[in-house]
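Chemist: Next up is a structure, given as structure tokens.
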Amino acid sequence: MSEHRARKRFGQNFLSDPNIIRKIIDAIHPVPGETVVEIGPGLGAMTDPLVERLGHLHVVEIDRDLIARLHERYSPERLTIHEGDALKFDFATLGAPLRVVGNLPYNISTPLLFHLAEFAARVRDMTFMLQKEVVMRMVAEPGTEDYGRLSVMLQYRFRMGRLFDVPPGAFRPAPKVTSSIVRMVPLPAEQRTAKDEALLERVVAAAFGQRRKTLRNTLREWLDEADFPALGIDPGLRGERLTVADYVAITNYIAAKSPRALANA
């Protein structure tokens, strides 16, 4: 089969450095018997060692040319191929506990992370390679430039850890940016205390929708000036100053104050 050319519409950059590949696989530490799914196996740089260590692997791939290569290379007993868009894939069908890994396409990384977060209850952990600037947003702390909606919503559900960086030269073709490896471990359900997570998402989206505006303005759909002292929060702050716990407290306060907010979330 002829050499596959990376496709921009799928955000393809193929990992090719054997030392980096080994380091990533060691960080994942796959063990036979685990249910592991790789998103975007590409040319199989991570697929080969994963199959070797696990015995069987699930993959989700949208590129039909790459799917044909995978069918040629692996037997169904070793590799289960799920053809389609990872953004629409129901990861719950693979069972639990599930481990999710992959070199995520840069062009869909943020919506894909939000999609994957929906399956947190069924996941043991997730280890991804992403654009470094996205990873910095994922692990950012309150009060920093990178802290935003992605930070809050992922940190509400996961314990996040940036493991190490991957230089552009480790890929073919080489991207213009550095990548990072991030691990996401779901938090226990008892630590996720928002009474309604859909409402939490709305509150966080509003707080960061216009970053230069204060909470007094961004949250006025739900909170009056008198509500902020009850919460112990300064209405003159901007969204990036609040912790995840602050957003949960605001959400639960709104839910208690106005049951309609829950119904409309």
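Glycine is no exception: its Cβ is also placed from the backbone N, Cα and C atoms.
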Chemist: Swiss-Prot has Asn13, Leu15, Gly40, Asp85, Asn103 down as binding S-adenosyl-L-methionine; which of Glu61, Glu72, Glu118, Glu133 does it also list for that site?
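Modeler: Site partner of Asn13, Leu15, Gly40, Asp85, Asn103 for S-adenosyl-L-methionine, according to Swiss-Prot: Glu61.
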Chemist: Glu61, Asp85: which of these binding-site residues has the sparsest Cβ neighbourhood within 10 Å?
Modeler: Asp85
Chemist: Near Asn103 (S-adenosyl-L-methionine binding site), which residues of its own chain have a C-beta under 8 A away, given they sit six or more steps off in sequence?
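Modeler: Listed in sequence order, they are Asn13, Leu15, Gly40, Gly42, Ala45, Met46, Phe128, Met129, Ser179.
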